[in-house]
Amino acid sequence: MNFNINILGTGGTRPLHNRYLTSVLIEYHGESFLFDCGEATQMSLRKQKISWQKIKMICITHLHADHITGLLGIVMLMAQSGNTRKEPLTIIGPIGIKKYLETNIELLRVHKNYDIIYKEIIINKTESILYEDKKKRIEYIKLKHSIDCVGYLFIEKNKPGKFDTQKAESLNIPKGPIRKKLQEGHEVILNEKKILPSDILGEPQKGLKFAYITDTAYSEELSTHIKNFNLVIIESTFKNELKEEAKKKLHLTAKLAAKITKKAKVHQTGLIHFSERYTLNKDLFELLDEAKQEYPNGEIFLTKDGMRLKANKDKFIIK
C-alpha cells in the first residue's frame, strides 16, 4: 500500500534546533500533499530525502507565521531545481493566502517557471470538499482560533473487494478488458446479460481516513467531523496545568486533544505542535501521559520530526 505520512516538524511558534515548525506531508501513490509550511520546512524535506517536485498541493491551515513562512522558499525551490516541474502547484488556504504569496513573489522578483492555482477558503461558504479524484478526496473543517483557521481531512475512498476467479469462470467471463472493467467497479454486458462488480468481487476494502488539526480551541463539534478516523494528527500545545492559557490563546492541551479523539472513537492519535517551552523529553512524555489518562483505550503517541507512518491494512505503522 503506497500511503505514507511524513512528520516534517512538530513545534509551535518558532523552530528549535531539534524541532522544526509543524508540517506534515502525505505521499499517496506517487503524489505528495503538504499540510502547513513553516520556516525550515524545506530543510526537513531535504533531511528526509523527500522530493519537493512531487508535491501536488500545499494546504495551509491559517495565516500565522509559524505555519506559512516556509511557503515562499518551497515555491522558489521548485523553480530552481532543474526546471523540471510541468504540473501546476495548487495552494489552498483561508482568504489572504494568495495576496501573501503573490506579494512576496513580486517584491523579491521571484522567477517561477510553473503555474500556481490558488483556492481560497471562505469559511462556511466554500464547499467542504476541496479536491476529489477516483481514489481520494480532501475536505476542510472550520476550527476555532484567533483568525480564520481550518483543519484538513484526507479521505481514501473504499476500494473494490478481492477478485473471485472461480466466480468469474463460472459466469464465463473471459480474461482481459472485461474482467479489468469489473475490477474497477463498472458493470458490463456479456452475452446480453448484465454482470455487476458485486457478482465477482468480495466485500469492498474500507479506505483509510486521516485528519490534520491545528490550531484550535476545544469544541464539542470537532469530534463529529472525525468519527472513527484511522489517524488524527492533532495539536497538543500545552500541559493541563496551563489549560487557562490554552483557553485564552485558543489552543489545545494534550488532555483536550485526547478528549476530542476519544469522543470521536479515533483509532490512532498523534500529538503535535508542542509549545517551545517544552524542550525536555520529560515534558513531552508528561503531555503524552495526560492524553493517555484521558483516552486510556486509544492508541496515542508523540509525533517526532523525521517520523514516518506507513499505511498497513486499517492502521498506520511507525517506521
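Backbone N, Cα and C define each Cβ position, glycine as well.
The Zn(2+) 2 site recorded in Swiss-Prot comprises D66, H67, H273 together with one of D115, D215, D314, namely D215. Comparing local CB density within 10 A for the recorded positions D66, D215, the maximum falls on D215. Closest in space to H273 (Zn(2+) 2 binding site), of the recorded positions given as H62, H64, D66, H145, is D66, taking the CA atom of each residue.
Each of the binding-site residues H64, H273 was assessed for Cβ neighbours inside 10 Å, and the highest tally belongs to H273. What surrounds the Zn(2+) 1 site, by Cβ distance within 8 Å of the Cβ centroid and not counting H62, H64, H145, D215, is the set T61, L63, H67, L143, S146, I147, C149, T214, T216, L250 from the same chain. Counting only same-chain residues at least 6 apart in sequence, those with a Cβ under 8 Å from the Cβ of H145 (Zn(2+) 1 binding site) are H62, D215, T216, A217, L250. A coil conformation is recorded for H145 (Zn(2+) 1 binding site) in the three-state DSSP classification, outside any helix or strand.
Counting only residues at least six positions away in the same chain, the Cβ atoms of L21, T22, D36, C37, G38, I60, T61, T214, D215 sit under 8 Å from the Cβ of H67 (Zn(2+) 2 binding site).
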